[in-house]
Amino acid sequence: MEHIRMPKVENVRLLDRLSSRRAVVGTLYLTATHVIFVENGSETRKETWVLHSQISSIEKQATTATGCPLLIRCKNFQVIQLVIPQERDCHDVYISLIRLARPVKYEELYCFSFNPKLDKEEREQGWKLVDLNEEYNRMGVPNNYWQISDVNRDYGVCDSYPTEVYVPKSATAHIIVGSSKFRSRRRFPALSYYCKGNNASICRSSQPLSGFSARCLEDEQMLQAIRKANPGSDFIYVVDTRPKLNAMANRAAGKGYENEDNYSNIKFQFIGIENIHVMRNSLQKMLEVCELKSPSMSDFLWGLENSGWLKHIKAIMDAGIFIAKAVAEEGVSVLVHCSDGWDRTAQVCSVASLLLDPYYRTMKGFMVLIEKDWVSFGHKFNHRYGNLDGDPKEISPVIDQFIECVWQLMEQFPCAFEFNERFLIHIQHHIYSCQFGNFLCNSQKERRELKIKERTYSLWAHLWKNRADYLNPLYRSDHSQSQGTLHPQIAPCNFLYKFWSGMYNRFEKGLHPRQSVTDYLMAVKEETQQLEEELEVLQERLANLQKSQSGNNKVKSKQQDRSKQFGLYTSNNSLANTPQEYSNDLKSFPSRSPSQGDEDSALILTQDNLKSSDPDLSANSDQESGVEDLSCRSPSGGGCLPSEDSGKDSDEAVFLAG
Amino acid sequence: MEFAELIKTPRADNVVLHRPFHLAVEGTLCLTGHHLIFSSRRHDNAEELWLLHSNIDSIDKRFVGSLGTIVIKCKDLRIIQLDIPGMEECLNIASSIEALSTLDSVTLMYPFFYRPMFEVLEDGWSSFLLEQEFELLSSVTNEWRLSCVNKEFSVCPSYPPVVIVPKSIDDDALRKVALFRHGGRFPVLSYYHKKNGMAMLRSSQPLTGTNGRRCKEDEKLVNATLRTGRRGFVIDTRTLTVAQQARAKGGGFEQEVHYPQWRRIHKYIERFNILQESFIKLVEACNDQSHNMDRWLSKLEASNWLTHIKELLTAACLAAQCIDREGASVLVHGSEGTDSTLQVTSLAQIILDPRCRTIRGFEALIVREWLQAGHPFQQRCAQSAYSNSKQKWEAPVFLLFLECVWQIHRQFPCSFEFNEQFLIMLFEHAYASQFGTFLGNNENERAKLKLPQKTMSLWSWVNRPEELSRFQNPLYEANSLVIWPSVAPQSLQLWEGVFLRWNRPSRFLEEAEEERINIIKYNKELQARVNALRRRLAELEAEDEEVQEE
């Protein structure tokens, strides 16, 4: 609280990014956890809530006659442009936000004050939803080849690893410790995924400290042990996910990659995924493209290409495809590493697992996957996503890229995933929101020290509770796409990598399809389920009636009018929209009759949901019910509402503005 | 001419067919007058491939020893490869295919020989008559009339015999106006917006020339569509510079002095060879099997195809906006008024008119705004993206229109009665078909060719219930509103269904579509069963009550 210099500013204007002249006036509040903008106007009082932890940058722009503009960019890709009348107020808000957006200790984060009104038991249950022991058992370990090792039980060997790791049975503690000393940050090879069908496995580690010629007997034995754990194959792949040049450069620093000559029966392979700095810049460039005001098609495509973003996504996907193929088709085990083995390695292992095992394509399985490959193996969430104030060079959209890979796969295999796009978007949001404790800190060790499970809530339980919102209507557990390995194509003309506007232009609803097939089908399925229930009741009543007809036993129950109850998806409200600015030529043209009938825009006014961001995500004051009016949930909901049209005089603005 | 003369080797055995995403199959290749037929009976599942010669865009042959290989590139963008043993056979077959796929005479085309195997329930040639349209129009307004001034195609050779014009303009005036417009294409009604009584007209450019010629009748005609005191918009699909240059060749544009109630907007839409080149480049990019993402994106960008899509959609939205939002009448034209003009007027109707988003309404739109309006299909669709020969009048104008419809469809997936397959089917038939619908360049040519008498209409086939069911969008719910698409680059995508159709494994997407259909179907079945049960229960309960009362 001491950081808030200015808790409230009035007469602030919130600009629409797509049309600078369409602005709304309201009051800006700074609270300990949120920036809140409340629109003036008696009826709607639309609110925009932004968590401090979502703020990635704040920019104070040159003061103009109308006030002092403040540009807030968020990690969930929302961009908010405010104009504050007084320069001094603006400065105070700016200084306050700079501090609020960069907390210095974990205790300042929202998850420590966030209270979803669950009791202790519910909280504990929530944390138990995803259980990695259960997961390894599901995979089929421990077994004859793999065992759990307690060598790291006090984080004594590797402080960024979990306490419980699976290693080949023949790998003794001596071998593990020896190998760990030969690996960056002592991240020794450990099991990530085991394929029950053919004993092939995916293991992960960091780079070896091989320099130009160093060797380590235990490390060689460790890789040998991994090979032996797969008796069907006489070699293993060692996949270095870095570009060869980077790996070679590391040798000069006493690090590097495996020399095939020193290890018996390995096949070494570079994959060429760029490092976190390249990825950070690439995202930056792509977001610049997204922020362009009315870009031409060439501007956009050129910018997209120039950002290299899709190239990087493809590189990660290709690596995953390579590994999945090795495991599933060749039955060969793979050891994956990059430098430290916590970024690219996590991406690639999780993409491969997702391709290999249909379980990870279910909602629960996906949570498990993130927990397994990312959270437990010490992906540095705090550093990468800037939860606490830290080195900006550590920040990089590593897990964002993985999430995008999943989305690209969902586009190619529409029936293969139990969850929908919204699930991915909400996970991405919460990785940055710090509303739940799951992604705090850089390692399991740190989380245990902070007593995360006692002090915060689990995102997984929250998502699970609302799972109806996240279902993919096309998914059936008995469908062929939800069985076995996925085999995506590699060439861009066979596997179209698309720009994900649902993510990167998430808050520009006007750019998205105005009708959601997913929501429509979910509504139909919900109705179908209720019809099934009713059918059963009716059949029973009929049977009773027929039985009792002789006895004149009258069964009466209230008739339900289904058609009224389920009018929801027949509504056309979702279509209400208005034209964009298709031409500048119209603007000076004055003739517009006020009597003109505007049925389509009139419908906009019936929308009661005018929140600019999902209340759930923007952490509304009422956490629980907030989820219920997710603006994009039902097909008749406001999700299809183009953001620029949420005002009353929507269509007027199109012409008179600009 | 006998086709047999062109077929030197009618049949070859042990031919191997290669297609992307299919295993190679061995079989027999047969050539007939209009088809290339490949059949394989070796496997349990006998397979047949029938390819219309007219669908073949280009053919390459090469030899390795005595094994010849023919690569056939089709107008629907598919590429197949045939390995034919024997050099002579291969050469013969290649030259036959080349000859048969490039027949000059329209009357030798397959539609003149095709005998349908289905019962004709409705003759598609008379399914969509302008008279019917006019009847509908008459029920809401009496400001328009049907004119037969072009009965003999003498006033405008590329117009249909009947057109809808303002009631106050008589045929004599129309004749004068025709002389003032390129190709005689005087302004006619394209669309009447019932909601506010505004009209969309289309025409060709006025022949003002360098000395600013004017035509009072033309001015009177267009002004007759305006409400008193209101203005209209002329949407010229050329840039101002191009329009100005056109004056030197006798063309021109409506000048403010003579058309004071009209405001002119130049909204450039790409045309002719530039479009065709863009099409060729795009298809080439889509066939590039390279794994390099940069290369793919840069080729996609360099093709400019999506730029054309964006420009066209923007122009159509603008026209729709003028009518619906500004409450103004609109006149659309470019130079000839047979290409970009029709793209704009027909897309604007998709946006404005819910009827055009139904199957029959869309068919009617194509008949009215493309076929009857004189889009030269035969010239534009003579060759597709693989053609080696020098282009003359080819341009993917219609394909671009279909893709724009697809883009809008993608943004409003529940507002169209038809599905993507319907659009793809129209693309295929515009380029090669057993039906006569897309033959000829205008109604005049079609009448001369006696197409309605000698060929079958595509609509006779499509509108049969069996066929229709394949083209229905399971998600459709009639939506009476105007639908405004987003034209931002982030909202537009490559039309995979056409451009990557043969280059992507389609199974997963087809399965998804099947799933969608099943979800809806099951829901409807349940609905019906529940309703039936409810009725039955109500009856029984009523009986019950009667029994009790007695």
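Glycine is no exception: its Cβ is also placed from the backbone N, Cα and C atoms.
Positions annotated as active site, phosphocysteine intermediate by TrEMBL: A:CYS338. The Cβ of A:CYS338 (active site, phosphocysteine intermediate) has 28 neighbouring Cβ atoms from other residues within 10 Å, across all protein chains displayed. A:CYS338 (active site, phosphocysteine intermediate) falls within neither a helix nor a strand when secondary structure is assigned with DSSP, and so counts as coil.
The substrate binding site annotation in TrEMBL covers A:ASN275, A:ILE276, A:CYS338, A:SER339, A:ASP340, A:GLY341, A:TRP342, A:ASP343, A:ARG344.
Summarising the annotation, TrEMBL assigns coiled coil to A:521-548.
Taken from TrEMBL, the feature domain 'Myotubularin phosphatase' applies to A:126-504.
Away from its own ends, the domain 'Tyrosine specific protein phosphatases' (A:307-351) comes close to residues 160, 183-185, 187, 189, 192-193, 195, 198-207, 223, 226-227, 229-230, 232-233, 235-242, 246, 250, 255, 266, 269, 271-276, 278-279, 282-283, 285-286, 288-289, 360, 369-370, 372-374, 377-380, 384, 396, 398-399, 401-402, 404-405, 408-409, 485-488, 490, 492, 497, 499 of its chain (Cβ-Cβ under 8 Å, at least six residues beyond either end). Per TrEMBL, the feature domain 'Tyrosine specific protein phosphatases' maps to A:307-351.
Residues annotated as region 'Disordered' in TrEMBL: A:570-658.
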Whole-number Å value of the largest CA-CA distance among A:ASN275, A:ILE276, A:CYS338, A:SER339, A:ASP340, A:GLY341, A:TRP342, A:ASP343, A:ARG344, listed as substrate-binding: 12
A:ASN275, A:ARG344 as binding-site residues, winner by CB count within 10 A: A:ARG344
Neighbours of A:ASN275, A:ILE276, A:CYS338, A:SER339, A:ASP340, A:GLY341, A:TRP342, A:ASP343, A:ARG344 excl. site residues, C-beta within 8 Å of centre, substrate: A:SER206, A:THR241, A:ARG242, A:THR345
Cα-to-Cα gap, A:ASN275 (substrate binding site) vs A:CYS338 (active site, phosphocysteine intermediate), nearest whole Å: 9
Across the coiled coil (A:521-548), average pLDDT on the 0 to 100 scale: 91
Structural state of A:ARG344 (substrate binding site), classified by DSSP into three states: helix
Those residues of the chain, 6+ apart, with a Cβ under 8 Å from that of A:TRP342 (substrate binding site): A:SER160, A:ARG187, A:SER206, A:PHE377, A:GLY378, A:HIS379, A:LYS380
